[in-house]
Amino acid sequence: MSNVTVDPNLDRWTQNFTLIGSDGHPFETNMGDFDFMRKWGIRLAINWASQIGASIILLLVLLLLTKRDRRKSAVFIINALCLVLNCTRLIVQSTWLTTDYYHPYSVVANDYSRVTKIEYGNTVATNCLVVVLIACIMISLSLQVWVVCVTIKPLHRLIIMSVTTFMALVAIGFRFAVSVLINIQSAKNETMSDYINIVNDMYITQAVAVWLYCCVFTFKLGQAIVQRRKMRMDQFGPMQVIFIMGCQTMTIPAIFTSLQFYEEVPELASQGTTIICIFLPLSAIWAGLVANDASVAVRGPDGHQRLLQGEFYHASTNASKNSEKNTILSSSTYSSSGKESTSPNSPRHAKNLSDDGIYVGKNWSVTEEGEASTTHNAYV
């Protein structure tokens, strides 16, 4: 052994070595292939695990923040179902890394004879879950676009829904076809190299469908802001905030559906579907607000929610004007210094003992002189 010489130009980390194939004949493989498998498996595990965590967290947020009366709506049920299906898909898909499909020898020797029926069933289940998930995503997008377009002309709404629904059905059809082919090829222990074109078509149609929904959604939001400006509603209010949120919740998923064509990072292919599932509930909040538009905002525990319902600014302005005109309901006005009020609208000028009591409907405001004042409606 002491007489053995090592080639100084040999890269020991990428050296070749010999294995015995399933037919009994030896074949050469490379350490670089094993290293690539190691890194790719770690990247897949991190990628899928992060998607599982994000989906579970958003599902909990959706369940906790959605009002009880809206949990029976179709949009909420579909969005929650998308998150549940996505979590289930990723968990089942993650088990693939522990099966003999990903055994180093099975990969380099292309020998999957040790794959059990349960492991093959996991692969079939994953592909079927993806088809159902894509169908639920397209249904949710269609529901939200329908809500957004509820105020436009019936003919325009029919055209928009027909085009988007047709594109969604095409995307679902391609996904279904690819899933069937993957299951067939897995049963034969063969790859999808012969069907690479239909796989690319599947990704293209899915990206086009999401981008189409994105364009309709953001265009309708932008049109609403333009109409408000024509009505001299130029303040940076809820509609502008909602427009930014709508661009975010629809544009980011559309961008991720395009990134799945970047071959240098193949993990992005699964990120696109998860990003859509995560951002769907956020855009659904806007759709729900449009469907239940309210023009009155009041004080209370849910005042921050009513702030987003479109007309908080105008409601508060009208309320302040009405309170100035309706002086009969006002019982007293005090200055912040504790002195007697000199307001001509006050029915009394002297402070009595009842002023320190608990009042129902106490409204705080600021006078023109910058002094704080209170208006009491009823005494308890």
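Counting begins at 1 with the first residue displayed.
Keep in mind that glycine also has a Cβ here, set from the backbone N, Cα and C atoms.
Listed as Cβ neighbours of the transmembrane segment (45-66) (distance under 8 Å, sequence separation of 6 or more from its ends, same chain) are residues 76, 79-80, 83-84, 86-87, 90-91, 93-94, 97, 267, 270-271, 274, 277-278, 281. Summarising the annotation, TrEMBL assigns transmembrane segment to 45-66 (among others).
According to TrEMBL, the transmembrane segment annotation covers 73-92 (among others).
Annotation source TrEMBL lists transmembrane segment at 124-146 (among others). With a cut-off of 8 Å between Cβ atoms, the residues of this chain six or more beyond the transmembrane segment (124-146) that come close are 74-75, 78-79, 81-82, 85-86, 88-89, 92-93, 96, 157, 160-161, 164-165, 168-169, 171-172, 175-176, 179, 182-183, 186, 206, 209-210, 213, 216-217, 273, 276-277, 280, 283-284, 287.
Positions annotated as transmembrane segment by TrEMBL: 158-182 (among others).
Residues or ranges marked as transmembrane segment in TrEMBL: 202-221 (among others).
Taken from TrEMBL, the feature transmembrane segment applies to 241-262 (among others).
Annotated transmembrane segment per TrEMBL: 268-289 (among others), in sequence order.
Feature annotation from TrEMBL assigns region 'Disordered' to 323-354.
Sequence annotations record features per position, and here TrEMBL assigns compositional bias 'Low complexity' to 330-343.
Panel annotation: around the transmembrane segment (158-182), residues 123, 127-128, 130-131, 134-135, 138, 141-142, 145-146, 149, 152, 192, 195, 198-199, 201-202, 205-206, 208-209, 212-213, 216 of the same chain, lying at least six beyond its termini, place a Cβ under 8 Å from a Cβ of the stretch.
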